[in-house]
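J.: Below is the structure I would like to discuss, written out as structure tokens.
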Amino acid sequence: MTPSELRRLYSIVRVLLSYGLDELIPKMRLTFPLRAGRRLLFWLPNRHRNMPLGERLRLALQELGPVWIKFGQMMSTRRDLFPPAIADQLAMLQDKVEPFDGKLAREQIELSMGGIPLEEWFDDFDIKPLASASIAQVHTACLKSTGKEIVIKVIRPDILPVIKADMRLMKRLAGWLPRLLPDGRRLRPREVVLEYEKTLLDELNLLREAANAIQLRRNFENSPMLYVPEIYSDYCSEGMLVMERIYGIPVSDVDALKANGTDMKLLAERGVQVFFTQVFRDSFFHADMHPGNIFISYEHPEDPQYIGIDCGIVGSLNKEDKRYLAENFIAFFNRDYRKVAELHVDSGWVPADTNVADFEFAIRTVCEPIFEKPLAEISFGHVLLNLFNTARRFNMEVQPQLVLLQKTLLYIEGVGRQLYPQLDLWKTAKPFLETWMKRQVGLPAVFRALKEKAPFWAEKLPEVPELFYDGLRQHKMLKHSVDQLAYELKTQQARQGQSRYLLGIGATLLISGTLLLISRVEADMVPAGLMAAGIVTWIIGWRRTR
């Protein structure tokens, strides 16, 4: 470790111990050095003894900074690793920090513009930030060319070295974990950290966020359900994002929404429809839809429209994942646990040699109590959570796209029930899922697939005669090769049969001569002749096997 890494490690240890998080170290022989080391650091007492463990963990991560805050947010979705009290606290982590100097933001913007003075492109730049987070902050301005109001998102100037240093430490810690914990290898800590690093570095590239927002805007163009602000891509770079400024009511401000006359039932149901449309129609979903990234338009409160911002994290599902997921939901709510178990095996999410009967029983044991509640009170997100946690006991591979989906579904469900507590999410989603499933089977689906593949076949059709001729020629050559191989195999088998016969005769003659010699028969030449003939015959047989 470098001196700077050692200093940072000491800083992390100091914060963790000040919140008494050493109690998370399991009491076992392998972890004795860690527990002994804790006693040596006697000058770092637990200063928050009266707080619950989950709250202490949340506060410690917030004190450690952006890398650890976002890691805690991600780990809040892994409820197979933490008890509910800790996972709930991790989900409350707030990604809010003090804004950095507006003059520095101005310098960063001009640097992203290639050194061009900010006034050449923008008017009315507000040096005071509109919003600030751990990765970036936002300033308002107007486009000089059109006068349109915009917001400029700019990456913090000092954030990259901090992130890289903390990620190096996190990887080292992940490498130690399997050696210290008996279950450490199954948890795959290194893979979890590498996945997190990729997500974090993606967020640092605002060109990626711009591309995601453009895609999402195109998917919901002219939609009454969701509006995505326009991105001005000519002004965007890795460190700067420029987009249309929007005005709306934060989705968490229920009182303001009601005061505006918003149809709360329709708004809650539309949130569910937006989510399932993104997942099943578009295979491209906004995976960071927490309340801070969702607003509601002031216009047409009787026909409310969502406004989505911050597309830094997105997810996607392939066709097979979508089909299996939809079938899982439908089978689960029909209480067909056998089907749920078979779908997990068929999809490859759990190993092919999984005992389906045992898996079905485990799913039934965990999920059947859920149906003691009315359907309107059943949580889709917790259904997924229970399914995945049960499947992990049967060696289910971690599916990053499903973890993102589960997290997003929990956000959407929480927001929906905050807006309209009587929201029946299953009743809203079931028609959508059943309609989507019907579109995937039958003649319409076949014709649609043919239409999608038409350009491919139009390109390949002229090559069909040549491919057909090549196939016939290769078939003829293959037949000749097979015949030749069969002949050689038959010859080899015949030679091996003769060899075994000669080896048997040689061994018989050799044994007979030896027995005669031992019995001291008077005709001494007979056993010697038999032994000599046996040796010669055995050698001939052995050579024919080569």
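Here, residue 1 is simply the first one shown, and the rest follow in order.
A Cβ is built for glycine as well, from the same backbone N, Cα and C atoms used for every other residue.
Pulled from Swiss-Prot, these are the listed features:
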- 124-502: domain 'Protein kinase' (DOMAIN)
- Leu130, Ala131, Ser132, Ala133, Ser134, Ile135, Ala136, Gln137, Val138, Lys153: ATP binding site (BINDING)
- Asp288: active site, proton acceptor (ACT_SITE)
- 499-519: transmembrane segment (TRANSMEM)
- 521-541: transmembrane segment (TRANSMEM)
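Tell me what's around each of these sites.
T.: Confidence in the domain 'Protein kinase' (124-502), given as mean pLDDT, stands at 82.
Using a 10 Å Cβ-Cβ cutoff, Leu130 (ATP binding site) registers 14 neighbours.
Other Cβ atoms within 10 Å of the Cβ of Asp288 (active site, proton acceptor) number 21 in total over all chains. According to DSSP, Asp288 (active site, proton acceptor) is assigned to coil rather than to any helix or strand.
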J.: Would you find the one among the binding-site residues Ser132, Ser134 whose Cβ has the most company, meaning other Cβ atoms within 10 Å?
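T.: Highest number of other Cβ atoms within 10 Å: Ser134.
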J.: Which residues does Ala136 (ATP binding site) neighbour through Cβ under 8 Å, counting only same-chain ones at least six apart?
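T.: Result: Lys153, Val154, Ile155, Arg156, Leu206.
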J.: Which residues of the same chain, at least 6 positions away in sequence, have a Cβ lying under 8 Å from the Cβ of Val138 (ATP binding site)?
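T.: Within the chain, Val138 (ATP binding site) has Cβ neighbours under 8 Å at Pro129, Leu130, Ala131, Ser132, Val151, Ile152, Lys153, Val154.
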J.: Cα of Asp288 (active site, proton acceptor) to Cα of Ser134 (ATP binding site): how many Å, rounded?
T.: 15
J.: Same chain, not part of Leu130, Ala131, Ser132, Ala133, Ser134, Ile135, Ala136, Gln137, Val138, Lys153: whose C-beta falls within 8 angstroms of the C-beta centre of the ATP site? Give them in sequence order.
T.: Pro99, Pro129, Val154
